[in-house]
Amino acid sequence: MRLDYSPADPAVRRSARRSVLIASLCVVLLVAVATREGIAKRQSSLTEGSLPPEIATAFDADSESAFAETVQSALADTLPAPQASDWVTIEVARGQTLSDIFESQGLGYSEAVAVTRLSSDTARLKSLRTGDKLLLRKNPEDKLEELRFELDESNTLHVRRNADGDLEAITIAATIERRQAQAAGFIENSLFLDGQRAGLSNRLLMQLAEIFGYDIDFALDLRVGDRFAVIYEELYKNGEKLRDGDIVAAEFVNRGRSFRAMRYIDADGNIAYYTPEGESLRKAFLRSPVDFARVSSGFNLRRRHPILNTIRAHKGVDYAASTGTPIKATGDGRVEFIGVKGGYGRVVILRHGSQYTTLYAHMSRFRPGLKIGSRVKQGQVIGYVGASGLATAPHLHYEFRINGVHKNPMTVALPKANPLPRSVVARWRAEHAYALAQLDAISERQLAQTPSGSPVGGSP
Ligand SMILES: [Zn+2]
């Protein structure tokens, strides 16, 4: 990937902002972060008809839907209607494998192995988890006739014996319908209280905070009269609401300054948010590589070294955190060095384009599999806090260099992330015309009832 950085305003209090915000919601954060990756991935496996336009247009729509139809009708034609008595439902017990289950049902070990070898989806039956549910049906010869397994909320794996007596596997995607919903409100207390009152789930609020978190300090900058509007997706399976999807478009007006964001989904299903003009709302770097940490020593070119007891420049920032705290890559890049290096102990150096490098020292361990040349994404865990090398207590020593020159990571002006390619902006905007019109309409309604601005919670 080519990186194209352009300078942007410094955002000095960023790390403090983010940690206050995140700390106040740590429980929500953990839940939201845990589900987020899975959601982004699942989106690319939904059926064509239910894909958001950004993804759908990236596929050959005709062949995709034709395939889905063939699969559905093939199943309808060939599968006997399941009879309740034929099917056995098995809930996977702790430590139970597919072959354990097959043997308990009088099916052979070799049949279990044969099933797992049918496709990449059946290979997933090799790593069943406690509580997974399998449906099995045997034929009169006591061999496996059919097996069903829900791979995730939209995909079901079907294994069946065909007319030739061979097992075959197919994965069927349920139609997930996406409906747009909206929520809007004014800030009186905090983003979270007022957001919840407006009907936004915690997951959507975390997403909203993340989208605008590079520009707005939700802990310190909010004022009474600030307002927000969110257009988001709700996912329905067979007419029943499954859960909230992602934010499609949103506006936050902070002290009279309006910020707008619209979703973009790339060909790999990754979601990012841009201004309606196609500018990124992200910065190329996170301010801090660790959450829930305290700065124990700042950037200081004339510091007395705590172990060597000599004046020695401290060309980075130390974040005190307990051993094992995850360390995140602050920007997209590649691993330039990973290993042990003198006083740094276990250290990772990342290169981000031609100008920028970041360094993470004193790790207790590296992320398994990470090696020189590995690509990393912003926010991805690269290792864990420790006290290797010259360190008196567990902490992360973090350095930020531009063209080899050390900069203060807490105050350096962070470049913006790449904008959307010009070639896609016009089409992308056109796809969001309806959402943008909704934001305009909400904004007009809100303006008519805007209270005068004053600090939230009475603080200056
Ligand atoms: Zn240090």
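Heads up, the Cβ atoms here are built off N, Cα and C, so glycines get one too.
Nobody curates TrEMBL annotations by hand; they come from automatic prediction.
Annotation source TrEMBL lists domain 'Opacity-associated protein A LysM-like' at 87-166. DSSP places the residues of the domain 'Opacity-associated protein A LysM-like' (87-166) in helix, strand and coil in these numbers: 23 helix, 25 strand, 32 coil.
Positions annotated as domain 'Csd3-like second N-terminal' by TrEMBL: 181-300.
Per TrEMBL, the feature domain 'M23ase beta-sheet core' maps to 313-409.
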Practice prompt. Please work out the helix, strand and coil residue numbers for the domain 'M23ase beta-sheet core' (313-409) from the DSSP assignment.
Written response: 3 helix, 52 strand, 42 coil
Worksheet item: In this predicted model, what is the average pLDDT of the domain 'Csd3-like second N-terminal' (181-300)?
Response: 91
